[in-house]
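Chemist: In case it's useful when we look at the structure, here is the feature table from TrEMBL:
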type	residues	note
SIGNAL	1-27	signal peptide
DOMAIN	34-310	domain 'Ribophorin II N-terminal'
DOMAIN	318-425	domain 'Ribophorin II second'
DOMAIN	433-556	domain 'Ribophorin II third'
DOMAIN	590-690	domain 'Ribophorin II C-terminal'
TRANSMEM	601-625	transmembrane segment
TRANSMEM	637-659	transmembrane segment
TRANSMEM	671-690	transmembrane segment
Amino acid sequence: MLLLPRMSSKLARSLLLLLFAFSICDAVALPGPISDRHRSAALELFAPQHGSFASLEESYEALRIFEILAVREKPDVRATTCPKVLENLVSSTPLKDLFYALKVNGILKCKVNGDIFKDIASRLKATVKDAKTLIDLYYSIGSLLLIKDQASDVDVLLADADGTFHSIKALSQSDGKWRYTDKPESSTYAAGLALEALAGVITLASSEIDQSRVNLVKNDILKLFDSIEKYDDGTFYFDEKLVGGHEHQGSISTTSSVVRGVFAFAAVTSGKINLPGDKILGLAKFFLGIGIPGDAKDLFNQIESLALLESNRISIPLILSLPASVYSLSNKDQLKVRVNTVLGSAAPPLTVKLVRAFSTVAKDSAVIQNKDLKYDQNSGHHVLDVLPDKVDVGIYVFVFEMVLHDADGEKVYATGGQIHVPIYVTGIVKVSNAEIAVLDNDLGSIETQKTLDLAGNDIVSLSANHLQKFRFSFQLTTPRGHAFKPHQAFLKLKHETKYEHIFVVGNAGKKFEIVLDFLGLVEKFYYLSGRYDIELTVGDAVMENSFLRPLGHLELDLPEAPTSKAPRLPPLAVDPYTRYGPKAEITHLFRTPEKRPPTQLSLIFLSLTLLPLIGFLVGLLRLGVNLRNFPSSAAPATYAILFHLGIAAVLVLYVLFWLKLDLFTTLKTTALLGVFLLFVGHRILSHLATTSAKLKSA
């Protein structure tokens, strides 16, 4: 018996469901061939902006991927792309732009004058002769190949093909990798480019390349595949180890570069490159296993590489996939297997053999051996009609093998030998003989015992004290009549104060039983008497009728807690879902407004404050104020006007202070106005003093 930490009932249910989901997800079916989801992703990732793509490289990738996937509702970009193609073909553009312009033209068939191709071919031949880097050779030779396909009357043959072949081969390394230049850094990605370029040289050669040199390159390919990376499931891929001065390439682009180079070289050479079929199949698993990339470049590399794997002279991989990896004994599901090429084409005539199947808990004991699956021509599936009686609910590993009917097919196709597939077999587990009882602690005699139908809605009501025991038992039986042990079997007692206690229910064979001795649990129960709700949880990934159900309640009478040694009640677990619920309303308490004087008294005070202004105006009238001394010249008159405007601004500021301004704002503004009045007032007063002195002297 194990007492688990407390957890909220919602959290417990969530964890139970998540565990079931993760367990099922562990049995992921083998990656299948290309599907409609890839077509949808292609349309989404390669969506033109304002009727065209950002570059010719992106245009080619989009058009090529639409072509491979046979996308019907593809965007029409011919009207906006062909002018760009012609512009790059006519002008002296970089080699990369010229290369992709020719690539796009090969698909769109834009109207290009034959003289343009002749001019480009002559320039490219000169570039090939003087090229010093692998990149320049790759784009130049690739462009000449494209011109050869698009304008057959143009002379694109290389006069010194042997010298060009040697120049490219001189950049190779002993491990099968290649260098971009004469610098020592080598690259796996560059190896793919070099192999493509060499294939182009062989195609463009005016005379046959020395076979010994070709064999050296084949040997380089074998060395390159010796350094291939591998996963435990038989997936193979290439990865770039050194960035150097070039852009870093990920595993998808690096593997794709090698696939393009190897298959291009194999297509133009005689004989066969002896690459193991499991590595070719492993490359197919790699590209299919990445699912649907979220990056347009990665999606293009994936689809184009799979298209090359679909049709090549080395070995065509066959993909075995299962529509489902979970089969129900209750529904009498049939085991179905499909075999296709990587792009979903039909496989050649073959038989799928179930070599053996074994449980993950008894790997040495096979439940199925040497069973041929029947081929259904209507659905294209290889089917096992009925699972044998030895197959019960549980997790199994099925070992399949593809046997080609044509013996020569082994030279063309890669089947991968024995393929291990995890299979979940589910069913309805019978729950029976459920009993719940209260026992006397000393004698073990039964005081109260009740039976339960756990498949129904039976609820029991029990009572016990700290000197008694609680016993609960039930049996689990598989559809084949065997004992079943689920992943989870928990009994929970929840006090009316929300404190929970969870116990693991142990088993012996088919019978599950738990006995709780309340005398030894009083401290763990914090001496809390009262009502405890009883809840049972039984669940497993292969149990179709997993359940979490209440059994009833128990009135438990525990002794009073000793004052000195009483354990403290821990804080109740907080349900994590409550943090996302509505928060408690916050009530603000504002300060009580201060008592104000009566309105009449405020108006009287206002009148008194206006008396000085009235007295000032009356005084001006009594003194006979006039404008006879107002300056007539321009500068003094300007200072006089500004002085009076400053005085008016101060008066307006007083009004604004009364209406809405605070004291600090008013003081800052008054200080600025004071400096201004001091300046203009000093100027006008100086002028008046000078004028008065002149009048007196006169």
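Just so it is clear, glycine is given a Cβ too, placed from its N, Cα and C backbone atoms.
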Chemist: Sort out the residues at least 6 away from either end of the transmembrane segment (601-625), same chain, that have Cβ-Cβ distances under 8 Å to it, and list them.
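Modeler: Tertiary neighbours of the transmembrane segment (601-625) are none.
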Chemist: Count the residues of the domain 'Ribophorin II second' (318-425) that DSSP assigns to helix (H, G, I), to strand (E, B) and to coil, and report the three numbers in that order.
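Modeler: The breakdown for the domain 'Ribophorin II second' (318-425) reads 5 helix, 62 strand, 41 coil.
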Chemist: With DSSP, how much of the domain 'Ribophorin II C-terminal' (590-690) is helix, how much strand and how much coil, in residues?
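Modeler: The domain 'Ribophorin II C-terminal' (590-690) comes out at 79 helix, 0 strand, 22 coil.
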